[in-house]
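Engineer: Provided herewith is a single structure, encoded as structure tokens, for subsequent inquiry.
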Amino acid sequence: MSQEILDQVRRRRTFAIISHPDAGKTTLTEKLLLFSGAIQSAGTVKGKKTGKFATSDWMEIEKQRGISVASSVMQFDYKDHTVNLLDTPGHQDFSEDTYRVLTAVDSALMVIDAAKGVEAQTIKLLNVCRLRDTPIVTFMNKYDREVRDSLELLDEVENILKIRCAPVTWPIGMGKNFKGVYHILNDEIYLFEAGGERLPHEFDIIKGIDNPELEQRFPLEIQQLRDEIELVQAASNEFNLDEFLAGELTPVFFGSAINNFGIQEILNSLIDWAPAPKPRDATVRMVEPDEPKFSGFIFKIQANMDPKHRDRIAFLRVCSGKFERGMKMKHLRINREIAASSVVTFMSHDRELVEEAYAGDIIGIPNHGNIQIGDSFSEGEQLAFTGIPFFAPELFRSVRIKNPLKIKQLQKGLQQLGEEGAVQVFKPMSGADLILGAVGVLQFEVVTSRLANEYGVEAVFDSASIWSARWVSCDDKKKLAEFEKANAGNLAIDAGGNLAYLAPNRVNLGLTQERWPDIVFHETREHSVKL
């Protein structure tokens, strides 16, 4: 183990931002970059008319709608650390891509709209984080507006999300009367002023909750704050680092992302408390981040990040060792060595060539169709990293095209979008139409839009009479062949070459499972494992 690798791993922080749609996640992403000095002017999401688009929302459909559809990756330096920030799609229809992003991070920042509290998508995403005991930092956003009672919000997080809260800052007022926050651990008051262009050193700080200056500034609010702090300290949890790292307790911060307020405290907490890259499970052994040899896995494939180049980029999370440009690395699923000379790092759509990368870093490998989600890379050791699943889709459409001469483009487009994980593609064993499976309706809209923009294909989706899909496998090849023959009308092959049973309804699935007890029906499948 080299000291250089160990030092670099300790400097890394890799986290994702998770939230329900419209809680202010993309704005917060922008502001974190602004505070770190990575960008000069944050393009807030709402001002679509101004033509200032958020750094992290780059695909055409995102620009039109103001929602993050593809998860973006941004790297920046802050306080002698290298931060890898993964922005995830907040829209509820994108739970699959979001889930996969959460397999590549070591901690998460949960953004809650304080006017609304805990919402459906937040619950889903937190459950995904819980599968891996991911440490969570919480930001209660939008205190410059009228919001719900702060104690009530903490109760809701604890009761619904089943994670204990430890307030680190506490709001003074809200909406028009929002005066700032009190930092409980530092015994400091940060005074709020509206305006999105302010940087951290431009906010006033008053030392001590008993400072007489506070009575002069806002006598009513300060008394209320003192009463609330007494109550909070009696009723809620103190911050405990070990409990945070175990995913059992979340430090809570309050503020207003659009006004740059409360951002620096979050950044500091992620640097000071969030974990450096952790060991990773592979099929043969546990891989430590400070091992000398390079390894990593693909958690996402993005087609056409640059409309000028019809390219695809595979996003790789480095798990161990040191990546150096030009080094030889092995693509383990197809047992092929590649020379990594044109690997890139990201600031959303701005790409730079990578000279070196360490555990926790996200690098982009140009993909000409050989790389799939879940693939592992190493310097030669047969490591297959685990824990990157596909979910059985819940919605299905059959797809046809208006111009039959473009069938090749359609097939190519769907093959690429299927590998990228934008949608699941099934080719029925009988019948010519391809079937698309998704977790939410918006995914179909994205596919329609991308087929038109990127592949020049006008596709029409028709509803398909399918209730759910299950991947099927059986150790007994003879039994599997009998099953295939008897159920040919309901079987299809997915983009990864796996056999799937498309059930028209719940009853049919139940009866088929009873009739064929030797066949295993899977609700999820590992990306890197062929069933």
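Just so you know, glycine gets a Cβ as well, placed from its N, Cα and C.
So Swiss-Prot says this about it:
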| type | residues | note |
| --- | --- | --- |
| BINDING | 19-26, 87-91, 141-144 | GTP binding site |
| DOMAIN | 10-278 | domain 'tr-type G' |
Engineer: At a 10 Å cut-off from the C-beta of Asp22 (GTP binding site), count the other C-beta atoms across all protein chains.
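Structural biologist: For Asp22 (GTP binding site), the 10 Å Cβ neighbour count is 17.
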Engineer: Looking only at Ser19, Thr88, which of these binding-site residues has the biggest number of Cβ atoms within 10 Å around its Cβ?
Structural biologist: Thr88
Engineer: Tell me, how many other CB atoms lie within 10 A of the CB of Tyr143 (GTP binding site), whichever protein chain they belong to?
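Structural biologist: Counting Cβ neighbours of Tyr143 (GTP binding site) within 10 Å gives 26.
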